[in-house]
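Residues or ranges marked as active site, for GATase activity in TrEMBL: C2. The L-glutamine binding site feature in TrEMBL is assigned to D100. Annotation source TrEMBL lists ATP binding site at I288, S363, G364. TrEMBL lists 2-213 with the feature domain 'Glutamine amidotransferase type-2'. Sequence annotations record features per position, and here TrEMBL assigns site 'Important for beta-aspartyl-AMP intermediate formation' to D365.
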Amino acid sequence: MCGICGIINFKDRSPVNTEVLNKMTRVLNHRGPDDGGKFNDGYAGLGIRRLSIIDPEGGTQPIYNEDRNVVIVFNGEIYNFKELREGLKKNGHKFKTSTDTEVIIHLYEERGEECLNFLNGMFAFCIWDKKNEKLFLARDRLGIKPLYYCINEKGLSFASEIKSLLQDPFIQQNLNQEAIIDFFSLGYILSPKSIFKNTYSLPPGYFLLLANGEIKENRYWDLSYEKEETSGPEETSEKFFEVISSSVKSHLISDVPLGAFLSGGIDSSTIVSFMQSSNQNSTKTFSIIIDEHGWNEGDFIGVAKEHFNTEHYESVIDSIDTEIQNLLPKAIWYNDEPFADSSFIPTFLVSSLARTKVKVALSGDGGDENLAGYPSYIADKIAFCMESIPGLSNLTLLQKPVSFLTSNPRILRFIDGLKFPPQKAHYWWRVLFTDEEREKLFSEDFIKGYTGYNSYFTFENYFNKCDGNSFLKKTL
């Protein structure tokens, strides 16, 4: 990964403070330890810290077009850049590097903002068009790469991480109440909010334009919510195989060593399987084994590494509690915002292990989201079955009897959710704290400022876009 940042003082057109830009860039060193660079020209300044994957020697950023009046800083990887590069060469563009970054800037010269429609990859980038005095910020379709921005009294600042933005003295650090409600509801903050007021996360599939003193956000991509024709199991399996195979192959494009995380589960094992079939050499795999009851996946990892015959590296952790204590300060610093996914700890540990051997590691992230791997989907299935049982038409009557038999919070939450329609129940089974529980946690002053916002509103909006699809497809 890389880290990008920048300042555009478009309101008063004052020169960018070089010291501030340096601080914003420097605090992103962990994202790009290989090299860095800056562009500073009047009221526009950009910074970059780079982890070099494609063309490590020649790909130093920022990168310019032939006339040096368009400049880019880029975080991510474009998987179809070689095909795009050939087409741009035929159109007369001159390339000084072999990077995917340079492809974007020439594609922008030809297509403007529509260049995004041609990019297959994960990315967050900024293009400063000096000739037209235009800023172009963009984020990939699924929001894999982060990008934040803030509008202040002098203009606009942006960065890959909030901690970079906070180096700008004109950024105010006032907490966003709606973001706090998101966190206590879902364990994370919904885009475009951030933990601070007036600091925003550019939503996935969006780009931002700053031109003629006006800032506009535009959506360039969205999921298709139209009802799809249902294929048979065999055809669906074949399509899924082709998609995963193609995706893994595209992720193997690299000029540096790469590997994979291996937990022994379905998701990571699937990725490693496709990597092995595409690689001539044995794939490097990495695992963290937590030697505690309920956490230890060593047996599954052992089966997977033997089956795939990988070049395997693993580290055994005796106490997860000790690791949490040691890593908590780092977790807070790296994440910038409240974040309740405890998988950060093993992910951080396995990433540290992998970094000793490779620069890039693939993982099985996204499997649960695409294939209904979370407990809330099991809860949906049980609820639908219970509705068909005579005598259980009023399912909430079970709540009091069950509470005497168990104190398991998941079971009690499941019974409590049965009082809602299916779509609200599915959401209910995913929240950390219910509305009533949150009120007990918040102070009186916080509750007094409550605007009536509920994180469920966002979920409901997307759910309603999916009319005509099955309930399962809607929840996915």
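A Cβ is built for glycine as well, from the same backbone N, Cα and C atoms used for every other residue.
Worth saying up front: this structure is predicted, and the values here are computed from it rather than measured.
Mapped onto this structure are the features recorded in TrEMBL.
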residue : record                           : DSSP (3 states)
C2      : active site, for GATase activity : coil
D100    : L-glutamine binding site         : helix
I288    : ATP binding site                 : strand
S363    : ATP binding site                 : coil
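Max Cα-Cα distance over the annotated ATP binders (I288, S363, G364) is 15 Å. Cβ atoms within 8 Å of the centroid of the Cβ atoms of I288, S363, G364 (the ATP site) belong to the same-chain residues A260, F261, L262, S263, D267, S268, S287, T347, V350, D365, site residues excluded. Other C-beta atoms found within 10 angstroms of the C-beta of G364 (ATP binding site) number 18, with every protein chain shown included.
The two recorded residues the residue listed as 'active site, for GATase activity' and G364 (ATP binding site) have their Cα atoms spaced 21 Å from each other. Between D365 (site 'Important for beta-aspartyl-AMP intermediate formation') and I288 (ATP binding site), the C-alpha separation comes to 16 Å. For I288 (ATP binding site), the same-chain residues 6+ apart in sequence whose C-beta sits under 8 angstroms from its C-beta are E314, S315, I317, P346, L349, V350, L353. Cα separation, S363 (ATP binding site) to D100 (L-glutamine binding site), rounded: 22 Å.
Separating the Cα atoms of the residue listed as 'L-glutamine binding site' and G364 (ATP binding site) is a whole-number distance of 24 Å. The recorded positions under consideration are D100, D365. Their Cβ neighbour counts within 10 Å are lowest for D365. Note on the domain 'Glutamine amidotransferase type-2' (2-213): its mean pLDDT in the predicted model is 95.
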